[in-house]
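Student: Annotation source Swiss-Prot lists active site, proton donor/acceptor at GLU173, citing similarity to another entry. What Swiss-Prot records for GLN34, ARG38, ASN104, ARG123, HIS127, LYS157, MET158 is substrate binding site. Residues or ranges marked as Zn(2+) binding site by Swiss-Prot on the basis of similarity to another entry: GLN34, GLU100, HIS127, GLU173. Marked as disulfide bond by Swiss-Prot: CYS19-CYS20. Per Swiss-Prot, the feature domain 'VOC' maps to 31-177; the stated evidence is sequence analysis. Marked as N-acetylalanine by Swiss-Prot: ALA2. Residues or ranges marked as S-glutathionyl cysteine by Swiss-Prot on the basis of similarity to another entry: CYS139. Here Swiss-Prot flags LYS148 as N6-succinyllysine, drawing on similarity to another entry. Per Swiss-Prot, N6-acetyllysine is recorded for LYS148.
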Amino acid sequence: MAEPQPASSGLTDEAALSCCSDPDPSTKDFLLQQTMLRIKDPKKSLDFYTRVLGLTLLQKLDFPSMKFSLYFLAYEDKNDIPKDKTERTAWAFSRKATLELTHNWGTEDDETQSYHNGNSDPRGFGHIGIAVPDVYEACKRFEELGVKFVKKPDDGKMKGLAFVQDPDGYWIEILNPNKMATII
């Protein structure tokens with residue numbers, strides 16, 4: 001195991017690698033399938049994630065006895081979504097990098113209801129990231145759509161990437177993967 005590093009410096013590359021194990025062969029078909037965000041108002045969130053960010057609603061699942069709904073979104077062609085419910089469910093759960101939005105019924109009508117985005121104390125969850133071909137063009141469009149920015153592309157020390165907020169205040173990093181090496 002690597003030597004502990006002072007909190008101010010983080011792990012060295014070597015120390016980080018020494019903390020990692022080679023994946024067990026039994027995990028070769030595992031994939032990161034989804035991340036989940038709790039949402040207050042599905043109408044606002046679905047509009048934001050589809051119209052603003054361009055995701056496609058893959059499937060909606062309702063759980064009446066527990067009073068919540070799940071919405072699964074991803075960057076997929078809506079024409080590829082199977083029509084048969086059983087087939088669609090298996091297909092939706094086999095996609096990579098799916099965003100699951102969880103709506104607990106009634107939260108949209110509760111003015112005191114809000115979710116913690118993890119970027120203020122107590123810190124925890126930080127953000128999701130969306131890769132785009134051109135950060136500046138994407139942000140120009142977001143501005144025209146009235147999207148709330150946490151960081152515009154030329155703000156701060158890390159130029160060329162941005163952070164926007166969804167209707168619940170969750171942060172979304174907007175990045176161009178081909179430019180990240182020059183930013184970090």
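Backbone N, Cα and C atoms are what each Cβ position is placed from, and that goes for glycine too.
Source: prediction; values computed, not measured.
So that I understand the layout, could you describe where these features sit and how close they are to other parts?
Tutor: For the recorded site, GLU173 (active site, proton donor/acceptor), the DSSP three-state label reads strand.
Secondary structure at ARG38 (substrate binding site), as computed by DSSP, is strand.
According to its DSSP assignment, GLU100 (Zn(2+) binding site) is in a strand. Counting only same-chain residues at least 6 apart in sequence, those with a Cβ under 8 Å from the Cβ of GLU100 (Zn(2+) binding site) are GLN34, THR35, MET36, LEU37, LEU70, TYR71, PHE72, LEU73.
There are 10 other CB atoms within 10 A of the CB of CYS19 (disulfide bond), with all protein chains counted.
With a cut-off of 8 Å between CB atoms and residues at least 6 apart in sequence, the same chain places PHE149, LYS152, PRO153, ALA162, VAL164, ILE174 near CYS139 (S-glutathionyl cysteine), listed in sequence order.
Note: LYS148 (N6-succinyllysine) has non-local neighbours VAL164, GLN165, i.e. same-chain residues 6+ apart with C-beta under 8 A of its own C-beta.
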Student: Round to the nearest Å and give the CA-to-CA distance linking HIS127 (substrate binding site) with CYS19 (disulfide bond).
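Tutor: The Cα atom of HIS127 (substrate binding site) is 24 Å away from the Cα atom of CYS19 (disulfide bond).
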Student: Taking every residue in the domain 'VOC' (31-177), what is their average pLDDT?
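Tutor: It averages 97.
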Student: May I ask you to report the DSSP-based helix, strand or coil state of CYS139 (S-glutathionyl cysteine)?
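Tutor: Helix, per DSSP.
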Student: Hey, what's the Cβ neighbour count for ARG123 (substrate binding site) at 10 Å?
Tutor: 10
Student: Can you tell me whether DSSP puts HIS127 (substrate binding site) in helix, strand or coil?
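Tutor: For HIS127 (substrate binding site) - judged by DSSP and reduced to three states - the answer is strand.
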